[in-house]
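Feature annotations, courtesy of TrEMBL:
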BINDING   Gly17, Asp80, Asp81  Ca(2+) 1 binding site
BINDING   Asp39  Ca(2+) 2 binding site
BINDING   His366, His371, His549, Ile672  Fe cation binding site
DOMAIN    2-119  domain 'PLAT'
DOMAIN    119-672  domain 'Lipoxygenase'
SITE      Trp104  site 'Essential for stabilizing binding to COTL1'
Amino acid sequence: MPSYTVTVATGSQWFAGTDDYIYLSLVGSAGCSEKHLLDKPFYNDFEARGRDGLGRPRVDEELGDIQLIKIEKRKYWFRDDWYLKYITVKTPCGDYVEFPCYRWISGEGEIVLRDGQAKLACDDQIHILKQHRRKELETRQKQYRWMEWNPGFPLSIDAKCHKDLPRDIQFDTCENLSSWGRRMENLFINRFMHMFQSSWNDFADFEKIFVRISNTISERVMNHWQEDLMFGYQFLNGCNPVMIQRCLKLPDNLPLTTEMVECSLERQLTLEQEVEQGNIFIVDFKLLDGIDANKTDPCTLQFLAAPICLLYKNLANKIVPIAIQLNQVPGEENPIFLPSDAKYDWLLAKIWVRSSDFHVHQTITHLLRTHLVSEVFGIAMYRQLPAVHPIFKLLVAHVRFTIAINTKAREQLICEYGLFDKANATGGGGHVQMVQRAMQDLTYTSLCFPEAIKARGMDNAEDIPYYFYRDDGLLVWEAIKTFVAEVVDIYYEGDQVVEEDPELQDFVKDVYMYGMRGKKASGFPKSLKTKEKLCEYLTVVIFTASAQHAAVNFGQYDWCSWIPNAPPTMRAPPPTAKGVVTIEQIVDTLPDRGRSCWHLGAVWALSQFQDNELFLGMYPEEHFIEKPVKEAMARFRKNLDSIVSVIAERNKNKKLPYYYLSPDRIPNSVAI
């Protein structure tokens with residue numbers, strides 16, 4: 001009699017094991033086996049985390065080729081979730097068939113697994129496999145529903161809180177769910193909270209909360225934040241390196257003349273000639289114009305500005321500011337501040353720019369363009385791609401915990417009375433207005449890294465030699481694209497196979513219709529017709545979730561922990577005249593003690609890796625079993641390792657190393 005031997009592997013997460021009764025049956029081409037209890041009397045086979053199940057039953061029946069495995073879980077004592085990694089079946093002829101799962105089995109019920117070989121819909125010719133594919137998506141579409149959290153936002157998951165999410169996408173451990181309050185207690189800064197609305201005495205006073213967890217970069221920021229070189233450098237390699245662009249024409253609402261900035265121009269050219277030669281750059285915060293400032297605290301007035309900042313590439317190829325106008329409409333009460341002005345006039349103007357940059361970074365660059373966009377890709381993936389689909393297997397590691405962290409953010413961070421309301425001038429609804437406005441400029445092309453860099457005129461490495469965000473980002477983009485192309489080539493013989501893959505097309509359509517709200521102007525494709533476009537699309541998904549998020553997230557403590565360099569709120573309006581600013585006015589304008597503490601706790605928490613972080617190129621869950629894909633993964637890791645070496649060599653002896661896009665520091669997904 002033929003004999004099949006079954007091996008079951010439990011996950012290594014906390015509480016992954018179970019005491020419940022687990023039954024198994026095999027479905028083969030020649031029949032279905034009886035149910036077998038995967039248990040030994042008086043032994044908790046599946047209680048041990050990260051181990052193969054000790055009960056390895058033999059199924060002595062004639063079943064033919066194994067097509068499906070049915071796992072049934074029945075309660076033993078109380079509700080007990082179980083994380084099943086995979087099942088391996090040894091066939092009568094000695095072959096091993098792998099059935100990946102990597103899912104939680106909650107409560108009582110049955111799940112059905114198929115073998116790990118990735119297949120497109122057109123590859124399934126057997127009715128039972130087609131039926132399994134269809135039922136899986138029907139079930140998922142009931143679990144993963146779209147919801148409008150706020151008008152004008154990309155749609156998100158239909159869940160009010162983290163515990164409402166499907167178990168498979170919830171955080172694994174309590175550590176992932178640490179509250180902001182507990183994290184700030186770990187910083188020992190809560191002793192300032194009772195002085196919530198009191199001002200600091202001077203700049204040095206900020207060191208009372210800063211010094212406890214300072215690091216090399218943050219200390220350098222503290223020591224040099226007032227310098228123009230440090231100010232300009234941050235637009236290239238700080239945590240918001242996406243705003244600066246080459247100025248092709250002086251804006252009409254910035255009435256600047258050569259005479260005003262003559263002392264800053266080093267080439268003996270007029271301002272217009274400097275523009276023509278490509279030496280002038282601009283950062284325009286017009287998005288903030290008209291956004292409502294936070295009014296949730298009646299005891300503290302808060303203010304926003306919408307600056308225009310002009311920068312200059314000097315003879316040393318360094319970027320420095322040469323003019324700042326703090327609001328969009330020119331006029332006598334909206335002067336243009338210059339490096340030649342009084343020290344504190346110029347300093348306060350730069351602080352306003354840094355504050356505005358912080359708001360755009362947090363709400364648009366970080367929240368909208370990495371977190372919310374990645375959630376859209378994740379929801380669409382779960383709704384439209386079955387686990388057997390190669391694109392699901394490719395992308396699932398890059399949406400890990402993304403929907404969970406976004407749900408927690410909507411629950412605690414960006415909700416009414418959340419952290420945004422406590423600490424930021426854009427709280428109380430301003431951040432919502434910003435996202436609604438920024439959605440008009442969120443395009444598919446702007447998520448394609450090389451095109452985005454080129455569109456801002458920042459692509460010439462010889463002309464702009466110190467733009468490490470660009471240089472490292474292009475290396476990582478190409479590595480991801482090469483890997484994606486190798487995987488696509490394995491499963492798609494030609495363009496026609498791409499065009500005729502209904503599940504892939506439904507995935508892309510879901511992103512366009514629900515995530516991007518069907519806006520034609522977004523440029524998001526409604527469908528994909530070629531392998532080339534498919535590779536680009538998948539590269540956008542993976543790069544956005546991994547590299548782009550890493551570039552704009554993990555430097556937050558480095559660049560924003562020194563409060564005067566990135567004030568989350570300003571408590572006085574922008575100055576309307578020159579020659580009146582004092583150091584005392586600047587300190588009184590900066591955030592009070594309480595808001596500084598909230599801010600520091602937030603940027604510290606956001607800058608930390610998870611304890612169970614998986615970095616780019618790491619795929620411990622073996623959804624793919626095919627050797628060609630595993631070989632492509634190995635080449636991908638080797639390519640990433642070479643990029644790590646290049647970046648490490650570049651950073652040697654640098655006072656300000658840039659490492660946010662080093663692959664060994666790029667998590668696979670948006671999870672913090």
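Residue numbering: from 1, along the chain as shown.
Positions of Cβ are set from backbone N, Cα and C atoms, glycine also.
Small disclaimer: the values here were computed from a predicted structure and weren't measured.
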Q.
If you compare CA-to-CA distances from His366 (Fe cation binding site) to each of the recorded positions Gly17, Asp80, Asp81, Trp104, which comes out shortest?
A. Trp104
Q. Non-local Cβ contacts of His371 (Fe cation binding site) (under 8 Å, 6 or more apart, same chain)?
A. Thr402, Ile405, Asn406, Ala409, His549, Val670
Q: Could you tally the C-beta atoms, other than its own, that fall within 10 angstroms of the C-beta of His366 (Fe cation binding site)?
A: 22
**Q.** Cβ neighbours of Trp104 (site 'Essential for stabilizing binding to COTL1') where a neighbour is any other Cβ within 10 Å
**A.** 20
Q | Rounded mean pLDDT for the residues that make up the domain 'PLAT' (2-119) | A | 83
Q: Give the sequence-ordered list of residues that share a chain with Asp81 (Ca(2+) 1 binding site), lie 6 or more positions from it, and have CB atoms under 8 Å from its CB.
A: Phe15, Thr18, Trp104, Ile105, Ser106, Gly107, Arg167
Q) From the Cα of Ile672 (Fe cation binding site) across to the Cα of Gly17 (Ca(2+) 1 binding site), what is the distance in angstrom? A) 26
Q.
Can you give me the Cα-Cα distance between Ile672 (Fe cation binding site) and Asp80 (Ca(2+) 1 binding site) in Å, rounded to a whole number?
A. 27
**Q.** Those residues of the chain, 6+ apart, with a Cβ under 8 Å from that of Asp80 (Ca(2+) 1 binding site)
**A.** Thr18, Asp19, Asp20
